[in-house]
Every structure is written in C-alpha cells, then in structure tokens.
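Chemist: Let me begin by handing over the structure; questions about it come next.
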Amino acid sequence: MVSPQQILDEIRRGTEEVLLEEELKLRLEQGRILRVKAGFDPTAPELHLGHTVLLNKLRQFQEFGHEVLFLIGDFTGMIGDPSGKNVTRQPLTRDKILENARTYEEQIFRVLDPEKTLVVFNSSWMSGMTAADLVRLSSHYTVARMLERDDFYKRYQGKRPIAIHEFLYPLLQGYDSVALKADVELGGTDQKFNLLVGRDLQKAYGQEQQIIITMPILEGLDGVQKMSKSLGNYIGISEPPREIFGKLMSISDDLMWRYLELLSSRPMSEISRWKKEVEQGANPRDIKVKLAKEIVARFHDDSMAEQVHEAFVAQFRRGAMPEDIPEILIVAGREGIAIARLLKESALTASTSESLRLIKQGAVKIDGQRLGNQSLQILPGITHVVQVGKRRFARVSIRLSEDQCRK
C-alpha cells in the first residue's frame, strides 16, 4: 500500500510550488477522496502538450483514487484571462467558446480517466448570478489587492487601461472553487494570483480552503517561449503520430530533459540514470526516441509508435521524403510573397526572423535545391515542395487573390 508521504512525493514531481504542503499531507492522511480542480478557458480549439502538464498531474491524482473536476470556463472564457497580458484582451463570442469546448471534451480523455472525471461548465452557476450576487462577490476584494498582481500593477504604472471586467476575472475564477467546493486546485505559475483568490473566497464563504499546486509553463519547440499555437512552437495532442514523433525528435538535448520531467510518466530514478549515461557518452538521441514513442503511444497506441519510429529512421537515415507532406495554400498579389514570410505562413518557422536565419544557414530547400537568397519572391501559379532542416516539409501553392484575378 502506498503511504501518504509516497503519494505526496509523486505529486510534488514536476511542480513549481505546493501551497500548503503540510495541509495536503494532512488531507492525504485522512484517506478521503479529494476534489481536485483545474480550469481551462476554451479560447483555442486544440489542446497541446503544454496543457498536458496539468492533465498529467490530474491523472496522477486519479491514479491515487481522487476525483478530478475538469472545469471548462465557458463563461469566464468570454471575458478572457488577463494574466500576463499588457493590453486588454478581446472577448470571444459564445458560439466560438462552445465550439472550442466541444473539442476539449473530445481530447481530455486521451489523458484523464473518464470514470474519475467530472466535466463541469462554469456557466452552470454564473449565468444565474444576479447583480446583487456580483456586488456581494466583489465586496470580498479590494482594488489595492488587485493591483498587487504584477501585470495589473505594470499596466497601472504605465497608465495603460485596465477594464473593470478584467478585475472581475480573478473573482469569477476564484468563485468556481467555492461553487465546486474544491480541495485542491492546479494551475500554471501565471495563475498563482487567481488560485490564491480562490482560497480567500472559500474562507469568506465559510469553506475549507483549497490546496494550491502550480505547475511550470512548458517551453515550446524553440526551448525559449512558452508552448503556444499562435507562436507555431507547439505539438497538438490531436496531430498525426508522425508529426508528434518528428517534432519531439527535433527538440534540443537540454529541452529533452525538461520534457521528460514534465511530460513522461517514467520514474525520476530512471531519468536520472539516463542523464548519467549521457554524461558518460551515451547518445541522447536514443533517449529522445523513448520520449517520442511514449508520447505517441499515449495519444495513439504502441503499434503506431513503433510504425512512426521505423518511418522516421527510413526518412532521415536513408534520405526518404515523407509520404504525407502537408499541403498549404497561400493567397498573394501578383508580386508574390517573400520567402521568409512564406516559411512562416506555412508553419515551417515560427517567425520571419527565424526564416532568414535558417536560409542564411543553408537549412532551406525549394524543390530539392538549397536556397541562399533571403530576398527571393515566390510568384503565384506554381506549387513548390519546401523543406526546412531535415524533417519539416510542405507542398506550398501560391494563388492570386480574387481582387487580383479580376484585374
């Protein structure tokens, strides 16, 4: 039988902070089923590996017998979380929120156990809140407390606007914990303020305060900025297995250790042993293969993980071109499109500056020919096979815009 201390040690793995750890240990010792909450605003349709840092920790709680409250912030999502933002965020429409929420429900059970997961929508209690309820909720916090939050403080000091609804967001997120009577809440490090608001509100409403666990923000494929679809440095959990495998094989050796800690279910003792082996001369590529196969198997199956590994070996050791090259259509004027912009719009690079750097390094080929001209314009009407590095390919077609066609 696993002891409360052993459970705590496992839960602590990969976390940034556990507030308060002694309280969590006490609740584990009580042996009751904990209600473990994590909220996701469905502001984008696809979950990526960055989201699974939280999902994996939720799954860990489930494996120890606890219940997960997967909160879809369909109400708060229409406000938009201001955390880390230096400008007011544009709210999403209700229809877009619901469309994204449906895809979340389809994707989360690739990680979570559906038998131990309660999916809830915060519109269930927030849509019925009256003006009096909102005023009562707002009375539990002050503007001074809100300005303690770093992003609000910087905007205030810089005389940049802060909308009233942005002050409401942490209160509404915190009230979710009251409505759900959460014992534990998980969130990214950028969510710490909001999670603490939840603790404060639970106390104000006469409830036992939740334990807070913050998780690191996962770096994207570039190893610098956080994983984000908008930055193009992400791995979506619904992507084809070959794409997931190839992207993981492309990460740096340093980033590989970070991904192993936050994404892998391998014991830390095993990962530590691998580190020592690499220090003694073992090839880190072999460990990267293990990581890539594990992640593909998680979102597909073991057989598919073996298949994409074999395909990867064939492609990059024998110089084979992948069979399923993505087809990209770009609309441009008669002057065409600059090659650096084409690479970015085809999602082959994260930015035009990265495009220019890779061209300079000789890492870009068009129709098999290495490109050296950074200012090349690609004209409409022709389809090209574009390659960046060893494993990124796209079949790109440039089409004239309708306005240009009429001229």
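Using the three backbone atoms N, Cα and C, a Cβ is placed for every residue, glycine included.
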Chemist: Any idea which of 91-95, 186-190, 216-220, 226-230 is down as motif ''KMSKS' region' in Swiss-Prot?
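Modeler: Based on what Swiss-Prot states, motif ''KMSKS' region' spans 226-230.
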Chemist: Name the residue range among 22-31, 42-51, 352-361, 372-381 that Swiss-Prot annotates as motif ''HIGH' region'.
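Modeler: Among 22-31, 42-51, 352-361, 372-381, the range Swiss-Prot annotates as motif ''HIGH' region' is 42-51.
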Chemist: Helix, strand, coil: count each for the residues of the motif ''KMSKS' region' (226-230), based on DSSP.
Modeler: 0 helix, 1 strand, 4 coil
Chemist: Enter the number of other CB atoms within 10 angstroms of the CB of LYS229 (ATP binding site).
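Modeler: Counting Cβ neighbours of LYS229 (ATP binding site) within 10 Å gives 16.
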Chemist: What is the number of residues in the domain 'S4 RNA-binding' (337-398) that are helix, strand and coil, as DSSP sees it?
Modeler: 16 helix, 22 strand, 24 coil
